[in-house]
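All remarks here apply to the structure that follows.
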Amino acid sequence: MHSEREESWRAELSALRAHDLWRELQVLQPAPERGPPTFVGTRGEPLLSFASNDYLGLSAESALRDAAIAEIQQSGVGAGAAPLLGGERPAHAVLANALARWLGVEAALLFGSGYLANLGVISTLVGRGDRVYADRLNHASLVDGVRLSGARLHRYRHGDMTHLAQWLERGGRGQAWIITDGVFSMDGDIAPLPELATLAQQYGAGIILDEAHAFGVLGTEGQGTAAHWNMDIHGVDVIMGTLGKAFGVYGAFVAGSQDVVDLLRNRARSFIYHTALPSALAAAALVALDLLRHGDARRERLTQHRQHLRAQVPDAPWLASETPIQGLLLGDARRALTVSAQLRRAGLYCPAVRPPTVPADSARLRITLSAAHSHDDIELLATTLREVL
């Protein structure tokens with residue numbers, strides 16, 4: 001039996017290699033003279049990264065580092081236990097309250113990661129027998145949350161409100177939920193939230209919105225998709241956000257009504273049974289929130305980077321996106337790997353994204369821009385892309 005298991009594993013690994021879907025971790029050391037987004041590769045080669053979700057360039061901010069160090073000196077490194085068992089630190093409570101005030105909702109709850117937050121929210125609020133209508137390009141954690149809930153999953157074509165309305169019109173038993181990314185992580189486009197809210201109201205559905213790639217980037221004070229569309233945030237029932245992207249830290253949160261947060265605190269297994277976020281990260285995230293709220297100059301720099309890149313490489317197979325996520329659709333996995341390798345030889349780090357992360361025949365380069373990039377960085381990327389595409 002032991003050899004049969006090993007043979008099965010090896011066969012699966014061989015299939016991954018044969019289909020150009022093999023993955024390996026890359027060790028990148030931040031370059032001492034500049035730090036992110038510049039790194040040193042395993043062979044000592046300098047690399048300029050276009051693969052990070054550190055959209056505002058906050059991860060290397062000294063103010064965040066100082067806040068984390070001060071909290072470590074006071075409270076230690078790890079939280080030591082689950083929040084309901086070992087208790088929160090003041091930094092946790094202050095951050096959660098600040099996040100709720102920022103978004104104009106009643107309460108927020110911290111989680112260890114966005115994946116845990118999405119699993120916890122959906123498996124707690126969505127019941128077996130409920131109906132979930134989800135965009136086909138939603139993040140995997142949203143799909144897994146629905147599977148864990150036992151609800152019936154109906155996936156509508158990406159951004160297709162007519163298809164969603166057709167599903168909703170069929171009705172059925174149980175509560176109805178519309179679940180969507182605010183900014184889609186692989187394509188970079190923005191969910192049509194006003195239309196989603198209209199359909200939700202028409203058919204009595206709730207909305208769960210994952211703002212992982214929207215917070216900090218879109219809207220007034222970086223408040224995300226609803227702010228981008230000038231919508232009242234209260235048209236959304238539950239909001240998830242991460243602290244590891246535009247915030248430049250790590251962790252996640254869920255925001256909404258006090259009842260929603262109370263229910264999650266008492267019922268969400270991924271909250272109850274997870275070790276609390278280190279308070280040093282909460283302290284750093286609180287500083288990041290202030291920088292993010294007042295980060296209009298950083299957001300404007302992102303817009304300028306995006307516009308300049310696309311203007312310099314106008315004939316590239318760009319996906320439609322008004323966010324820092326700029327996808328180059330290459331189709332074939334081997335083609336994506338080849339272009340990625342060519343960029344790396346030129347000192348640019350941008351890994352190929354292949355199935356199952358993206359649908360079949362849609363392998364791509366997922367180029368992510370940061371306010372920490374300089375104009376010269378974008379020029380170098382554009383020049384290299386013109387040479388290799």
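The chain as shown is numbered from 1 upward.
Just so you know, glycine gets a Cβ as well, placed from its N, Cα and C.
Per Swiss-Prot, substrate binding site is recorded for Arg23, His139, Thr357, and the stated evidence type is sequence analysis. Residues or ranges marked as pyridoxal 5'-phosphate binding site by Swiss-Prot on the basis of sequence analysis: Gly114, Tyr115, Ser185, His213, Thr242. The N6-(pyridoxal phosphate)lysine annotation in Swiss-Prot covers Lys245, and the record cites sequence analysis as its basis.
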Can you list, in sequence order, the residues of the same chain other than Gly114, Tyr115, Ser185, His213, Thr242 whose CB lies within 8 Å of the CB centroid of the pyridoxal 5'-phosphate site?
Asn53, Asn118, His139, Ser141, Asp210, Ala212, Met240, Gly244, Lys245, Ala252
For a quick check of packing: other C-beta atoms within 10 Å of the C-beta of Ser185 (pyridoxal 5'-phosphate binding site), how many?
21
Around the Cβ of His139 (substrate binding site), the count of other Cβ atoms that are within 10 Å:
22
Considering each pair of residues in Gly114, Tyr115, Ser185, His213, Thr242, all listed as binding pyridoxal 5'-phosphate, report the largest CA to CA distance in Å, no decimals.
13
Quick one: which of these binding-site residues, Ser185, His213, Thr242, have their CA within 10 A of His139 (substrate binding site)?
Ser185
C-alpha spacing of Ser185 (pyridoxal 5'-phosphate binding site) relative to Lys245 (N6-(pyridoxal phosphate)lysine), in angstrom:
11
Need the DSSP three-state call for Thr242 (pyridoxal 5'-phosphate binding site) to compare against my parser.
strand
For His213 (pyridoxal 5'-phosphate binding site), which residues in the same chain are close in space, meaning a Cβ under 8 Å from its Cβ, but six or more apart along the sequence?
Asn53, Asp181, Gly182, Val183, Phe184, Ser185, Gly188, Lys245, Thr323, Ile325
